[in-house]
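These notes concern the structure reproduced below.
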Amino acid sequence: MWSRSIEPCIVMSLIIKVTVLFFLLFNGYFTFASDPDPLRDFCILNTDSETHSSCKNSSAATVEDFVVSGIKKSTGKFDETGLSSIPVNVNVFPGLNTLGMSLVRADFDVGGVNVPHFHPRATEVAFVLEGKIYSGFVDTQNRIFAKVIEKGEVMVFPRGLVHFQMNIGDKPATILGSFNSQNPGLQRIPVAVFGSGIKEELLEKAFGLSSKEIAKLTKRFAPHE
């Protein structure tokens, strides 16, 4: 009688262990996976608004679907921080669709900066095409990893970590950034903090600034209508 009564307990224990193991593996897959793997050779984004298909018919594909030339030169227009960027994503390069990657060309005026920011869904690799860039990131222990990188050098910014760049040379600089996601996302810290509508009282306490200083910053980074 005793041996028979113990068997259901053993079976139940095995079921619980298998369930827990499955949960850990399943959760781990979604925690560490990046963009989903493609199920076909390519899926060129269909820009025809009259159809409901997400992919262009593969028989209509040409080599031009896999080439982009819009980043050969800078736009020549710098924002107030001295930065000019050209994103290369499926909206301008349909051949990237489902391939799990995207790019950006960033040009820096003399003294120009790419303000502290992060990409929640991608690791970035930055390749210096021209110039000298002070570049780095901060980890979750608030340690900074930064140095000057020059033409031909590469730096990597782990996914989700705050990073930045500044042109410290005496002429314009250019980097090419590559992301391991079709949609890496972007949050610039100044805009996220001071331009998102967080209560000024909270910001005063968080940063130790006066209400006048906070008001000045929120006005500066508020969305332009």
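The backbone N, Cα and C atoms fix where each Cβ goes, and this holds for glycine too.
The transmembrane segment annotation in TrEMBL covers 9-30. Taken from TrEMBL, the feature disulfide bond applies to C43-C55. Here TrEMBL flags 69-215 as domain 'Cupin type-1'. The annotation oxalate binding site is assigned in TrEMBL to N114, H119, E124. The Mn(2+) binding site feature in TrEMBL is assigned to H117, H119, E124, H163.
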CB contacts for H119 (oxalate binding site) [other CB atoms within 10 A, all chains]: 23
Length of the line joining the Cα atoms of H117 (Mn(2+) binding site) and E124 (oxalate binding site), in Å: 12
Check: same-chain CB within 8 A of oxalate site center, minus N114, H119, E124: V104, H117, F118, A126, F157, H163, G177, F179, P184, L186
Spatial neighbour of C43 (disulfide bond) that is closest, considering only the binding-site residues N114, E124, H163 and their CA atoms: E124
Within the domain 'Cupin type-1' (69-215), residues counted as helix, strand or coil by DSSP: 22 helix, 59 strand, 66 coil
H117 (Mn(2+) binding site): tally of other CB atoms within 10 A of its CB: 17
C43 (disulfide bond) CB neighbourhood, other CB atoms within 10 A: 21
Whole-number Å value for how far C55 (disulfide bond) lies from E124 (oxalate binding site) (Cα to Cα): 27
Output field, Mn(2+) shell: CB within 8 Å of site CB centroid, site H117, H119, E124, H163 dropped: F118, F137, F157, L161, V162, G177, P184, L186
